[in-house]
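Engineer: Here it is, the structure, as structure tokens.
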């Protein structure tokens, strides 16, 4: 069932924004939203426990996409009378338990599960079933499953958060996981539950990331998954459909078996979005950050409409879609309704992670009303974003932190990661090379170049910039990356102004410098022009993902071609799955399509 066309909504009032943001940041109320529509058939109704903690829009869209109506939980009794309940836990363990305990929802959840009624917990919705968590704790959980949720151990170099598409290892039959063996699903978390003798009867699948952890549980009608099915593409939709229709085994989806074995490298499509001279939002692409044509009327380069391109990249197999708003709405970002609407519309049919960046910082509007970066980010999350990308504001925060050595708790990174988790915060670094003859010339970390500079320089350091690359700052990319990791960033988007739009490959020296310095994922960006550039960056650096824009927009290098090349060079990637035909025989797949999914 296709999602209904997305219509432009009316702008929220300042009071409404303030009210929603306050609720989101404090986690003290159950979110009460209007039901999707009157449910004519009880079997088509899904009860959703959404307490306003983050992006649940994508899950709502996925459920509706599958032909089901949504009824929201307003009070504990709504849980007890539900026919099937979905609990998409978002945010921190302690904050979530506080909501559940204060509202009586926690006890209602226990009673519902004790009755063995259809239940699906997602991400934190799985973790909360355990006895306790070490996250800002210990904090007591619902106590349904024995065990303690702990953080991944990054002391031996493991990249944390665990972000990306990883493989499941089923350990018992589970209806909702029917037919997904060998396929990748999308994870984004820093804490995990470990298997034990006490909880082994619950475990339906494991996942390996430095160690084997619990990726799903199942007992009777009670199911929960650590990954995000609503962000796992066609595989995730099949899991959701299997849960929603689990009373009928004949309706279970079956996919052609894949060969996924471990965490895949991600290929990300980036859409630079800005208003053109007519005021329309378009996808553009710069040449060293210049987005205007060099001929004719010097108009903003127009490579398509953002929602349509995002939908196409999802169909083409992009592992994530990133929107970078470069319009420069500097007076009031919450008033930037077109970009918010782009997110809302894209999330209706794009079931992979969405990141948005641009203007996420503290603001004071023309009336003197102050809006925190948390309020700004919250509006993006509610509009469909899974992660927000912070640029210039992160540079200023890092400079202050390096100067004082103190975390103020007030920076955008700290505010947002404290409420939504560090996996929701991406820091975008925009450096340019500064050639030097000796590392002793600067106090910043430098690299020895594989190719000398214009005057024979053997070294370079990478000066960070702000304001779209227009202003250099006294801080290096290495120092910035280390600082923002300490402040709570969960991922780094590493650009390079010198390589942007050149098509000559990623800056390997820069990416290696930064990816070796931090224990959070690094996304390589700027310079891709051929499929070989992707394998080069994955084979020579610790980058977790590679991002490209212009070559995808102009269809110079299709996403499928990139992934087929990576498979040929031994790099594991997620491939689009194939469904089995009615004759139960796999359809003929294009080259490489079912190799690793």
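Just so you know, glycine gets a Cβ as well, placed from its N, Cα and C.
Automatic prediction, not curation, is the source of TrEMBL annotations.
Keep in mind the model is a prediction, meaning the values are calculated, not measured.
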Engineer: Select from 1-21, 22-42 the stretch of residues annotated by TrEMBL as region 'Disordered'.
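Structural biologist: That would be 1-21, the stretch labelled region 'Disordered' in TrEMBL.
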Engineer: Of the ranges 558-577, 578-597, which one does TrEMBL flag as region 'Disordered'?
Structural biologist: 578-597
Engineer: Taking Cα atoms as reference points, rank the recorded positions 123, 272, 359, 430, 495 by distance from residue 230 (active site, for GATase activity) and give the first.
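Structural biologist: Going through 123, 272, 359, 430, 495 one by one, the closest to residue 230 (active site, for GATase activity) is 123.
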Engineer: So if I draw a 10 Å sphere around the Cβ of residue 495 (substrate binding site), how many other Cβ atoms end up inside it?
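Structural biologist: The answer is 27.
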Engineer: Taking the recorded positions one at a time (123, 228, 272, 359, 430), which has its Cβ surrounded by the most other Cβ atoms within 10 Å?
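Structural biologist: Compared across 123, 228, 272, 359, 430, the most Cβ atoms within 10 Å surround 430.
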Engineer: On the 0 to 100 pLDDT scale, where does the domain 'Glutamine amidotransferase' (48-245) sit on average?
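Structural biologist: Average per-residue pLDDT within the domain 'Glutamine amidotransferase' (48-245): 94.
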Engineer: Of the recorded positions 228, 272, 359, 430, 495, which one has its Cα closest to the Cα of residue 123 (active site, for GATase activity)?
Structural biologist: 228
Engineer: When you put residue 430 (active site) at the centre and draw a 10 Å sphere around its Cα, which of the recorded positions 228, 272, 359, 495 have their Cα inside it?
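Structural biologist: So the list is 495.
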